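Database features (TrEMBL):
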- A:3-123: domain 'NIF system FeS cluster assembly NifU N-terminal' (DOMAIN)
- A:Cys35, A:Cys61, A:Cys105: Fe cation binding site (BINDING)
- A:132-181: domain 'BFD-like [2Fe-2S]-binding' (DOMAIN)
- A:Cys134, A:Cys136, A:Cys169, A:Cys172: [2Fe-2S] cluster binding site (BINDING)
- A:206-271: domain 'NIF system FeS cluster assembly NifU C-terminal' (DOMAIN)
Amino acid sequence: MWEYTDKVKDHFLHPRNVGEVEDADAVAEVGSIACGDALKLSFKLDENKRIKEVKFKTFGCASAIATSSALTEMIKGMTLEEAEKVTNQDIANYLGGLPQEKMHCSVMGREALEKAIAIYKGTVPKETEGKIVCECFGVTDLEIERAIRENNLATLEDVTNFTKAGGGCGNCHGAIQEIIDRVRGELSTKPPERPKLSNIQKIKRIEETIEREIRPSLKLDGGDIELIDVVGNRVLVATRGACASCQASNQTLKHFVEAKLRELVWPELVVEEVSQ
Amino acid sequence: MKTIYLDNNATTQVAPEVLEAMLPYFHDLYGNPSSMHSFGGQVGRKLREAREQVAALIGAVPGEIIFTSCGTESDNAAIRSALISQPEKRHIVTSRVEHPAIKALCAHLTDQGYRVTELPVDGEGRIDMDQYEKSLTPDTAIVSLMWANNETGVIFPIEAAAQMARSRGILFHTDAVQAVGKIPIDMSKSAVNMLSISGHKLHAPKGIGVLYVRKGTKFSPFLIGGHQEKNRRGGTENTPSIIALGKACELAAQNMELENTKVKALRDKLENELLARIPNSRVNGDRVNRLPNTTNISFEFVEGEGILLMLDEFSICASSGSACTSGSLQPSHVLRAMGVPFTMAHGSIRFSLSIYNTEEEIDFVIEKLPSIIETLRGMSPYWKVGDRICSTY
């Protein structure tokens with residue numbers, strides 16, 4: 001069961017501003033039924049160009065309904081310039097927080113608001129921009145990048161929680177990781193200082209990492225590896241046990257052994273299999 | 001408010017008789033059944049009785065019953081044993097709608113180089129027996145098909161499928177955790193080699209399971225340790241829970257008829273009334289070959305999580321195959337495998353009854369649910385008031 005705040009529950013069980021504004025100045029729809037949530041937002045401005053009336057219709061989980069309700073309460077009375085500044089984090093904060101896995105609901109709220117304002121102003125709708133990365137949920141690279149920047153996201157799981165991208169078949173995980181790496185690279189103004197390792201220190205750390213972090217996991221599946229040599233950043237290993245005959249051992253070497261060594265020893269290491 | 005528990009495929013209440021039977025074995029009769037002294041020996045005798053009770057429920061002999069810690073352990077033990085005892089065979093046949101205990105294990109085995117055939121199901125959740133037969137090869141080590149589906153209650157033709165495997169010398173395992181106790185199962189007339197049971201699905205406690213292994217089936221233990229369970233599962237026996245499961249199986253045999261009369265009638269009433277009162281709703285899965293206690297109903301254009309939380313306001317417990325509740329961002333793999341359209345899959349609710357449910361409870365749900373669906377549809381951008389026609393899929 002999700003741990004929703006009392007405010008989320010209140011806005012779900014007693015949603016404010018449900019419906020569609022008559023003679024609305026702008027109506028925006030985001031999401032789709034295939035994706036599992038969708039939000040239709042409509043508003044009307046008063047003579048001072050402030051949001052006089054705003055209503056929503058939402059298909060989705062309790063937190064999607066609650067964030068929609070919260071959003072309408074928040075922006076009522078705002079000018080469009082003020083409303084444009086509302087972030088997904090503001091919506092989540094208004095509700096006393098959302099479970100991490102549900103942050104995408106707040107992103108959907110912000111997207112609907114942005115789209116409605118764009119439609120009102122007659123500017124280009126957002127969705128034509130960017131390139132679809134996640135086919136399952138129709139999420140673009142620009143949306144992912146923006147979520148990373150605005151919410152300081154660091155992992156694939158974060159990106160899925162905030163945008164749903166990567167939450168389906170998983171084919172796009174590599175592409176999302178590339179975006180994370182690129183954006184985070186740009187976010188950190190200077191790369192963190194890495195202590196230089198002597199060759200001996202490097203080999204020693206590789207040995208320790210294999211022994212402590214890698215071998216126990218491989219052994220669970222009856223496999224093993226042996227360190228043969230280290231040449232520059234090339235780590236030469238031989239597979240043993242079940243790994244030696246396993247078709248997936250290449251994957252294991254790249255995605256597990258190399259990733260671990262890069263993380264814990266040196267980021268430029270490359271693992272290569274040699275037959276010995 | 002009194003809890004109305006309609007989520008018995010998730011877990012069940014420990015039956016009062018079962019609780020009473022197990023309690024002495026925590027404190028007064030805490031002996032180790034393997035001990036030489038009579039203080040432990042009396043517990044050993046009680047375990048023998050429990051083994052007989054379990055065996056009796058499924059038409060097995062006591063020596064074919066191995067106590068485990070849960071259904072998942074039983075499933076893992078069965079599949080791994082089949083692979084280890086036939087190292088030359090590298091192929092597994094299963095279905096797309098299995099419980100994660102099988103599904104995730106098979107995915108893991110795929111990574112290890114095994115070939116896995118996941119049989120598709122049709123819109124009613126049924127497998128195609130011709131396609132099944134064609135999937136069996138000389139390289140097939142084991143077939144694992146669930147007896148009854150946990151989400152829809154749909155029953156697979158396990159006996160026929162097991163016969164086909166046996167005639168080709170292929171081992172057959174069935175995850176029967178939802179079926180045992182609800183429908184008659186007779187291993188004495190069956191070709192099934194291995195069968196998994198979970199205690200907490202039939203009014204025994206959580207943390208106890210059984211793997212039935214037909215006499216003569218090669219078996220390689222999953223947990224290696226002491227000589228318990230005739231060297232087939234090491235580890236000191238969970239004596240109170242084993243005794244509880246024995247009692248639960250004895251009760252299940254007595255209540256089997258009730259499951260298929262009273263429980264089934266309540267389920268049918270719930271289902272028919274909800275379908276009649278709520279437009280754009282439908283049952284997921286084969287309504288004929290189905291567990292008597294389960295119904296999986298989709299309400300179009302709303303999301304299951306919202307329905308569950310509103311039911312929760314009335315202390316009504318059910319579950320959903322919607323994306324929001326599945327722990328991932330997609331609706332249940334079972335509904336997706338059946339090709340249930342998204343408009344329906346997101347709004348699916350599973351009600352699973354037990355012999356402890358009453359007609360008053362069912363009437364209460366029938367009274368409350370229509371207005372919940374109406375409220376949520378009132379908020380849904382896809383629901384048009386007056387829309388009464390289900391789109392054709």
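Placed from the backbone N, Cα and C atoms, the Cβ positions cover glycine too.
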Please state whether DSSP places A:Cys134 ([2Fe-2S] cluster binding site) in a helix, a strand or coil.
strand
Between the Cα atoms of A:Cys169 ([2Fe-2S] cluster binding site) and A:Cys35 (Fe cation binding site), find the distance and write it as a whole number of Å.
13
Using the alpha carbons only, what distance in Å do you get between A:Cys105 (Fe cation binding site) and A:Cys136 ([2Fe-2S] cluster binding site) once rounded?
17
Report, in whole Å, the straight Cα-to-Cα distance of A:Cys35 (Fe cation binding site) from A:Cys136 ([2Fe-2S] cluster binding site).
7
Integer average pLDDT (0 to 100) for the domain 'NIF system FeS cluster assembly NifU N-terminal' (A:3-123):
93
Binding-site residues near chain B, Cβ-Cβ under 8 Å, from A:Cys61, A:Cys105, A:Cys134, A:Cys136, A:Cys172:
A:Cys61, A:Cys136
So how many other Cβ atoms are close to A:Cys105 (Fe cation binding site), meaning within 10 Å of its Cβ?
32
Spatial neighbours, same chain, of A:Cys61 (Fe cation binding site) - Cβ under 8 Å, 6+ residues apart:
A:Gly36, A:Asp37, A:Lys102, A:Cys105
Just going by other Cβ atoms within 10 Å, which of the binding-site residues A:Cys35, A:Cys134, A:Cys169 has the emptiest spot?
A:Cys169
Within the same chain, and leaving aside A:Cys134, A:Cys136, A:Cys169, A:Cys172, name every residue whose CB is within 8 angstroms of the centroid of the CB atoms belonging to the recorded [2Fe-2S] cluster site, in sequence order.
A:Val133, A:Glu135, A:Phe137, A:Val139, A:Ala165, A:Gly166, A:Gly167, A:Gly168, A:Gly170, A:Asn171
Distance, A:Cys35 (Fe cation binding site) to A:Cys134 ([2Fe-2S] cluster binding site) (CA atoms, angstrom):
11
Which secondary structure state does DSSP assign to A:Cys105 (Fe cation binding site), in the simple three-class scheme?
helix
Given the binding-site residues A:Cys136, A:Cys172, which one has the fewest other C-beta atoms within 10 angstroms of its C-beta?
A:Cys136
Residue counts in helix (H, G, I), strand (E, B) and coil for the domain 'NIF system FeS cluster assembly NifU C-terminal' (A:206-271), per DSSP?
35 helix, 19 strand, 12 coil
